[in-house]
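Q: Shown below is the structure under consideration.
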Amino acid sequence: MQRSPLEKASVVSKLFFSWTRPILKKGYRQRLELSDIYHISSSDSADNLSEKLEREWDRELASKKNPKLINALRRCFFWRFMFYGIILYLGEVTKAVQPLLLGRIIASYDPDNKVERSIAIYLGIGLCLLFIVRTLLLHPAIFGLHHIGMQMRIAMFSLIYKKTLKLSSRVLDKISIGQLVSLLSNNLNKFDEGLALAHFVWIAPLQVTLLMGLLWDLLQAFTFCGLAFLVVLALLQAGLGKMMMKYRDQRAGKINERLVITSEMIENIQSVKAYCWEEAMEKIIENLRQTELKLTRKAAYVRYLNSSAFFFSGFFVVFLSVLPYALLKGIILRKIFTTISFCIVLRMAVTRQFPWAVQTWYDSLGAINKIQDFLQKQEYKTLEYNLTTTDVVMENVTAFWEEGFSKLFEKAKENNNNRKISNCDTSLFFSNLLLGTPVLKDISFKIERGQLLAVAGSTGAGKTSLLMMIMGELEPSEGKIKHSGRISFCSQYSWIMPGTIKDNIIFGVSYDEYRYRSVIKACQLEEDISKFSEKDNIVLGEGGITLSGGQRARISLARAVYKDADLYLLDSPFGYLDVLTEKEIFESCVCKLMANKTRILVTSKMEHLKKADKILILHEGSVYFYGTFSELQNQRPDFSSKLMGCDTFDQFTAERRNSIITETLRRFSLEGDTSVSWNETKKPSFKQTGEFGEKRKNSILNSINSIRKFSVVQKTSLQMNGIDGASDEPLERRLSLVPHSEPGEGILPRSNAVNSGPTFLGGRRQSVLNLMTCSSVNQGQSIHRKTATSTRKMSLAPQASLAEIDIYSRRLSQDTGLEISEEINEEDLRDCFFDDVENIPAVTTWNTYLRYITVHKSLMFVLIWCLVVFLVEVAASLVVLCLFPKILLQDKGNSTKNASNSYAVIITSTSSYYIFYIYVGVADTLLALGLFRGLPLVHTLITVSKTLHHKMLQSVLQAPMSTLNTLKTGGILNRFSKDIAVLDDLLPLTIFDFIQLLLIVIGAVVVVSVLQPYIFLATVPVIAAFILLRGYFLHTSQQLKQLESEGRSPIFTHLVTSLKGLWTLRAFGRQPYFETLFHKALNLHTANWFLYLSTLRWFQMRIEMIFVIFFIAVTFISILTTGEGEGRVGIILTLAMNIMGTLQWAVNSSIDVDSLMRSVSRVFKFIDMPTEDGKPNNSFRPSKDSQPSKVMIIENQHVKKDDIWPSGGQMTVKDLTAKYIDGGNAILENISFSISPGQRVGLLGRTGSGKSTLLLAFLRLLNTKGEIQIDGVSWDSITLQQWRKAFGVIPQKVFIFSGTFRKNLDPYEQWSDQEIWKVADEVGLRSVIEQFPGKLDFVLVDGGCVLSHGHKQLMCLARSVLSKAKILLLDEPSAHLDPITYQIIRRTLKQAFADCTVILSEHRIEAMLECQRFLVIEENKVRQYDSIQRMLSEKSLFRQAISPADRLKLLPHRNSSRQRSRANIAALKEETEEEVQETKL
């Protein structure tokens, strides 16, 4: 960034904004980069502004019982705000004085008024000077108010962020991300946009008073006729606005539904393609779009009428003011033209300025109150522990996440009992819900310095809550805690901050090279880092999305280990690691590197418990066991089945299996208002979430997608509740910290299962606390793997043993503190946060306009029709001009002596009738023609939007994954949300306004030129100057706007990133650093925004300066040209004076149109994406010579066996190479192997080795080379749809879209209910579905939030069974499954897919034991492909990964092979006898 010229600019340069010329010149000549932007002044920096407001707010808090944020803002900004308001008022006063001089100039043309004639030239000079003064006053005032609004926004942005970092976890559990984003975007943007209008709340009444006084002098009491009409018009516009909001509110729900489905489709586009659901998803979305567009059209028609009312009101204001006076008393022309000019100013004040000002104050005060409430919420308090460096002690500790919740629970229970609920097992409900129970009860333990405490337990037992209490995030209600204050923490779900790998590991602690390298080695990160071109200095953005889940987990662990602390809290740090890597890291890092440190490890692995010094097992918040491992074996032999739910599926009753559904549904009913009767609550509780969650329309932010979707929250018209709404819904709050996707999920659900869904979903919100505890398991599968897939290879060879040394003994002198860098490179910040720069020209090309016009054939005809109507209007005006002088001359000859003696031209009663008829006739004609012109235009433009959405949706669904992998999910969603909203809402009305204003200006110029041809000579250069100036400015402004838009994203990204890692931030004490980073992001945005405001004001001022020159020319041509009549001069000067505002408005509208057309350019860019196979709408039509001749896929019908393909499921893979993007590095190279029909093959490899990639390659979802044959049919001989239908898929990322059970299982409606129920029986889903009202017609929302992860996996399994596929692909199907669902899947695979080929990628050893062959992938290639017997007998990855106990389980498999002798079996048995108890909890 460069030094700003503003620092050394002179007063004149600042007044005329000339200091912006260098950036305007550079932007016109070349593309602007971030380095071209100017540094902001110190007065605009977030640090100074936040410190100033924070100081005043603290003063307000300290001095008053009811602190008001507006008082703090007043003390910071009031005097400057008032100063610019007074200047603005003086500029507006000049508009009221101008018509007075105009009237004097017109009066000077009266032959009897020679005195006035002599000073006409001076009157003209005075009129021109008024325009110059107005220009010099208004623009600095408007810019100053915009500047103050920007500063207020920055200060409050920072204040909200600082408060967010201080909020207690209890408060965070009650606030959704959508509410925070709403505070930072929808609310605070009002200050930027509206502060310039705020002063009109007092300026407009003063202006109206002054104008009414001047009009009284002209028309006396008849003045109030026009004012009354304007007041009625303002009320009418308010009514139209209310009607428009009604339609928009109705439409918002439809937009929600469409965006929900679209978001789910985009997030799961791989699954959509794998299931061949493209046509089904397109049909669902288009049906929703149709309903949405009906309401869009209604809202657009109302908006059009509202906008048109302003344009056409000018006729009637003058008509109602002048006509009564003229009929009774007669009127001179001077009064007519003066009245017209006064009425134009009056109309603007009454119908635009004052209503806008009132709305601005209403919105701003509402936003300030919301922020004020937020700033007074409870803060996180660091607990005062009894500090010690020798041990950690808990004595009889009990804790609640929600204080006072037991009373609320009992009240709800009593209310429900009083209602005598029928057909509901209330005892089961309340026994499972456990709302009023503490999360931890009577916890006591003690560990000495240097010991390892392993904490185990079932899902929701309170393991994470225990760590939170030690960290101070959860305040104990009873008991004592004693430990050292120096804590290091590793979260269960890895959190990566924007920055380099080194920054993430060091995390502000002083850099020690030896310690750093030791930690890198212990956490198995050496080889990963070596694969990156920039090594550990590679910048990671968006939560480390370029890394695999295992890499993120190891970086998070390395961060915790690097810090020198007294107590290390490790919350399930090995969740995403393969068995071998986990084993090595546990040994080298936890057991050796940290041997002298006190460690608390949350785990579910028996081998970890065996090596722990002490074991603490929790169950339902209580201590189930505390002691050593040997004591555990002796005292609690049943602990495995008790805690982990390992009983077999058949031993559970149907009631217990279905308890998760029963509890979830009834919890929804309980969450309603307790004052509502049960019947009123129950009925909506089973329909769409939005129906029973009217209070909870605020957004739900998915932990993965929230960062990418803020443009949706900011730009769409969706409604959000404020922060204050959260306090009204105590029953909605979550109690447990453990998300539903935790490995080893228990039988009974948590009462707060985390909902995942996009930003704009209605219904149950996800709190910030849920966001912090959400899994990011799918982040590594994002589209950004294109940049990291080649680096995710990991060595299969174990690392060398780490020397048993104490790396923490090498403490540097400054190591006790945190080293916080104040210097943050803006370029690095851009790498961390910014989206890819769009490859769109700075100015919309003519080709885009032409293509837009030709999208729908009717648009061209409508534009021609508009031109015809305009010509008719101009012709009508010229006819009036021709008739007008004749009427006046005729009347002049017939006038009485008294009349002729007073003024030369007087309109008598007779001529008034003629003028009345002409005036009203022209007004009616223009009004009718305007309606005929505008309504078809708006209607057609919405039709064009409909067509573009349809084409874009088709293009995305048909695009190859290699193209979609290069796009960010949020970017795709923005096209369907923000850009389509622009095409639907903003563009039609903006185009209408531009065309209307352009035609008004052209018509006025034509009339003036006809009346005085000399003026046409001045008009030509003025028009040329406008066109050149617009083109010059547009290049720079659009680039600055784009940079500003890109600069906004890091602010919200940083907010969510901070929230997701808030516990880590507090544990490491990194809040100051993150505040600094947030301020840097704010400053970066401010630099772009301030420069955009400055250049915009430069442009606006130049427009007015050109017009002032034009008006001076018109004025003096009219005055100096002899022979002009009074009426002609009046028309010329009135039109010329009032062209100014219209012309400026028209030029601004043209810039707005160009800016909005960038959305059209982006949509066209998506429409032009290539299609899969380069052929849109592929359909398979085999030629006569194609072989085999009877190739087909089973779809709806049962066919003869001779016609079925595939029939056996044999696969042959030859030289398969796969890439994620065109031109990218190969992820898999030269893969060749074959699979026999009905065989089960397991895929083995380290984390990130390419197992999931291989499954995607089978489905042709990647850029692939080579050949695969299924039962002799090559994938090149049939279409993609046919090829993919040969596979059944259970993806790692489960896809449940918003719709009924039936739609989710059978979106094409191919199967009967009997078939679906039969399959539901097979996979164990019948009892689940039957619990819901409507059964198969029950509508699932929020990604199936009422279903457990296991049930969602069963849904995928049911889809595969329905597809009758012969080849089944399973990608980590047991990840995050509870044992019950896992047993169901294993049973279904054995029964329903007994004769199918199964390819399985799995970390769970038990599942792999059922495979006949294994494919080992290492370094992008097949390293080994063999049977289970050979894999166990050789040194292989499989043998390293499998435990001796699991090898013992494989004895039956090996014994079945006749090639193995009993001696080998005996040797294996002897080898594993000692470790036979080593199993997974």
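Cβ coordinates come from backbone N, Cα and C, glycine included.
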Q: For the set Asn386, Asn679, Asn894, Asn1455, say which residue Swiss-Prot annotates with N-linked glycosylation site.
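A: The N-linked glycosylation site feature in Swiss-Prot corresponds to Asn894.
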Q: From the set Asn898, Asn1177, which residue is assigned the annotation N-linked glycosylation site by Swiss-Prot?
A: Asn898
Q: On the question of membrane sidedness, does Swiss-Prot record Tyr1308 and Leu986 within identically named topological domains?
A: yes
Q: Same chain only, please: residues at least 6 beyond the ends of the topological domain 'Extracellular' (217-222) with a C-beta under 8 Å from a C-beta of the stretch. Say none if there are none.
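A: Distal contacts: 321-322, 324-325, 335, 338-339, 342.
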Q: Pick the one among the recorded sites Cys523, Cys1396 whose Cβ has the fewest other Cβ atoms within 10 Å in this structure.
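A: Among the recorded sites Cys523, Cys1396, the lowest count of other Cβ atoms within 10 Å belongs to Cys1396.
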Q: So of all those recorded positions, Cys523, Ser548, Tyr1220, Gly1250, Ser1252, which one's Cα sits nearest to Cys1396 (S-palmitoyl cysteine)?
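A: Of the recorded positions Cys523, Ser548, Tyr1220, Gly1250, Ser1252, Ser1252 has its Cα closest to that of Cys1396 (S-palmitoyl cysteine).
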Q: Between Gly1250 (ATP 2 binding site) and Ser548 (phosphoserine), what C-alpha distance do you get in Å?
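A: Distance (Cα to Cα, whole Å): 11 Å.
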Q: DSSP on Ser1252 (ATP 2 binding site), three-state: which is it?
A: helix
Q: Taking every residue in the topological domain 'Cytoplasmic' (1-77), what is their average pLDDT?
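A: Across the residues of the topological domain 'Cytoplasmic' (1-77) the model's pLDDT averages 89 on the 0 to 100 scale.
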Q: Compute the C-alpha separation of Ser1252 (ATP 2 binding site) from Ser548 (phosphoserine), stating it in Å without decimals.
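A: Distance (Cα to Cα, whole Å): 12 Å.
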Q: When DSSP states are folded down to helix, strand and coil, where does Arg1246 (ATP 2 binding site) land?
A: coil
Q: Using C-alpha positions only, work out which of the recorded positions Cys523, Tyr1220, Arg1246 is nearest to Ser548 (phosphoserine).
A: Arg1246
Q: Quick one: pull the CA-CA distance for Arg1246 (ATP 2 binding site) versus Cys523 (S-palmitoyl cysteine), whole Å only.
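A: Distance (Cα to Cα, whole Å): 14 Å.
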Q: List the Cα distance (Å, whole number) between Tyr1220 (ATP 2 binding site) and Cys523 (S-palmitoyl cysteine).
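A: One finds 28 Å between the Cα atoms of these residues.
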